[in-house]
Amino acid sequence: MNKTVNQKAWFLVLPVLILVGFSAVIPLMTVVNYSVQDTFGNNVFFWAGLDWFRDMLESERMWNALGRQLVFSGIILAIEVPLGIFVALNMPKKGFWASFCLVLMSLPLLIPWNVVGTIWQIFGRVDIGLLGYTLAKLGISYNYTQDFIAAWATVIVMDVWHWTSLVALLAYAGLQSIPDAYYQAAKIDQASRWKVFRFIELPKMAGVLMIAILLRFMDSFMIYTEPFVVTGGGPGNATTFLSIDLVKMALGQFDLGPAAAFSLMYFLVILLISWVFYTVMTNLDKREGR
Amino acid sequence: MAKITLDNLAHSYLKQPQKDDDWALKELNHDWVDGEAYALLGSSGCGKSTLLNIISGLLQPSQGRILFDGRDVTHAPTAERNIAQVFQFPVVYDTMSVGENLAFPLKNRGADPKYIAERVNAIAAMIGMEDQLKRKARGLTADAKQKISLGRGMVREDVNALLFDEPLTVIDPHMKWELRTQLKQLHHDFGHTMIYVTHDQTEALTFADKVVVMYDGRVVQIGTPQELFERPAHTFVGFFIGSPGMNLFDAEIAGTIATVQGASVPLGGSYAPKTGHTQIGVRPEFVRLQAGGEGLPARILRVEDVGRHKIVRLDVGGTAANAILDEGTPVPAGADRVVFDPGAINVYADDWRVAPQGAQGDGPQGAQGDGPQGAQGDGPQGAQGDGPQGAQQGRAA
């Protein structure tokens, strides 16, 4: 069949190109632009080459922030994924209580980040917060503005409180898709509860769990609002994660060049980790199929 | 292996069953004799799977008891009953290899590894998957997956009963026949009690010693294929078994004569007067066509030649009916009457068969012997799903 050649069709793509260019490409290029230049004000820029990148790679401050970030993401994944699966396994399968649990589980997901931060900021205060006050009365030393461990614990528990629901809901969806016949067959085969989980539920959940892990990793790796509202990155730099550090650098110190280099590397790191993660997971899946 | 007794068993999926219709399974008393092969036959939604799941313990009955060799297991968990069951849709453990799948039930019971390997190899040979034992089960075809499910069902030797819930639905016709033959062989060799649920009459009639026909949550007849053919206890059995099913005519019964549409039809026995909705039923195999003379006036609508015999579609005074003629027999010229073989006429009152007066051996456990199972068209023709013509011809001849 002969196709009609009509180059005018490109005009149909134009609105999208303009929109994407305006909202994504040009701002990103601005960042790229800043990352290779230096300025002493008055909008006068000098070519700086890859200096900022080199500076950033040698900067202890950035490596520390990255380290904290990785530890944080690692901890919340290690808590939220098993906890989410556990919650999903124990949710009712149907009826009124199933709907009730679903609504209850989605509530934290509907609360804006800064509100979550504010809730926990107040909740943890020793003078007026329920949690802080109770802990203090119990004789446990807890002050997230001064104590490193308390600050981390607060930020982690807050994230778990906010986001475990997401993992649970996804895992629940995976579980709901398993036909009854599987459980019946497992009973006939006299499989233990653990084996049912290991050989039926986990494989069937693998797909959604991968998405859950990916989402939680990316989200936690970019976390900003909640710890910023609660601890402001302190005490000291204890909870200064990458985003917080980046904002401090760009807007606090107005070091646009280093901040631009920083954000580009930040972007690449997320892209790289997500890609590696995704590739490994899908390949595992395929290898099993062979 | 065990005798399975159902005592006053009934089940409803509702908490408070009120009407008769609320019961998915109506009250039932039955012994499944140790070592027999049964087929549970009925249209979809008639309670077959419910009954099976109650026997295997996946479902708790609303009332009644289940006994294994006299021991009450009504509330015993599935594991304790030691039953194997194969489901309609293939269940395999995706992350395990084919061999691990087959070994799973034995491993869970802590069997000796040497014995497991032996059994797995034997079963793999039976389902024709010896060369795929190491392969992961994920990504296999539905056929292969169902074969694995069957294999998992058969891998344990000491089970009390083997239950099959329409296991061959997803298998292609040739393999269907082969697997069914293997199941029969297995039954022959090991003598497990087997219950095979199906809505395919060919499958039921070729597989089982005894066929249990269910209709609307009720067991309407239990009998050998021959009994089901000759003396359907319920109009549903007459209609459901046979291809085409039994012809039914509204009739008034008086003594040895039935009056159908004003004409007299002689019966094979004498019947007490019946009230309610009375009908006579006669299999197409026992309907003859003739030109003029006695019999019911009939009009031939069309003749279907299905190869081994001819099916004549008739209009008998507004009621659709069928007659089967042997391939060699021509349709009589100008045929406008149908005559029934008096001995092959069954009388029904309100859908249930009525025995002639003074008759004996009428129940399903009647003295009709073992039925010609061997002759039931146990071949590839039968497996192609077009009803048990073979079976019926064997008997009609």
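Yeah, the Cβs are placed from backbone N, Cα and C, and that goes for glycine too.
Per TrEMBL, the feature domain 'ABC transmembrane type-1' maps to A:66-277.
Within its own chain, the transmembrane segment (A:12-36) is flanked in space by residues 47-50, 52-53, 256-257, 259-261, 263-264, which lie at least six positions past its ends and keep a Cβ under 8 Å from the stretch. According to TrEMBL, the transmembrane segment annotation covers A:12-36 (among others).
Counting same-chain residues at least six beyond the ends of the transmembrane segment (A:70-89), those with a Cβ under 8 angstroms from any Cβ of the stretch are 105, 155-156, 159-160, 163-172, 174-175, 197, 201, 205, 209, 212-213, 216-217, 220-221, 223, 241. Per TrEMBL, the feature transmembrane segment maps to A:70-89 (among others).
Residues annotated as transmembrane segment in TrEMBL: A:96-123 (among others).
Annotated transmembrane segment per TrEMBL: A:149-175 (among others), in sequence order.
As annotated by TrEMBL, transmembrane segment applies to A:196-218 (among others). Same-chain neighbours of the transmembrane segment (A:196-218): 73, 76-77, 80-81, 84-85, 89, 163, 166-167, 170-171, 173-175, 177-178, 182-183, 186, 270, 273-274, 277-278, 281, 285, counting only residues six or more beyond its ends whose CB sits under 8 Å from a CB of the stretch.
Within the same chain, residues 31-35, 52-53, 55-57, 62, 66, 210, 213-214, 217-218, 221-222, 242, 245-246, 249-250 sit at least 6 positions outside the transmembrane segment (A:259-280) and bring their C-beta atoms closer than 8 Å to a C-beta of that stretch. Look at TrEMBL and you will find A:259-280 (among others) tagged as transmembrane segment.
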Beyond the flanks of the transmembrane segment (A:96-123) by at least 6 residues, Cβ under 8 Å: 87, 129-132, 154, 157-158, 161-163, 165-166, 168-169, 172, 225-230
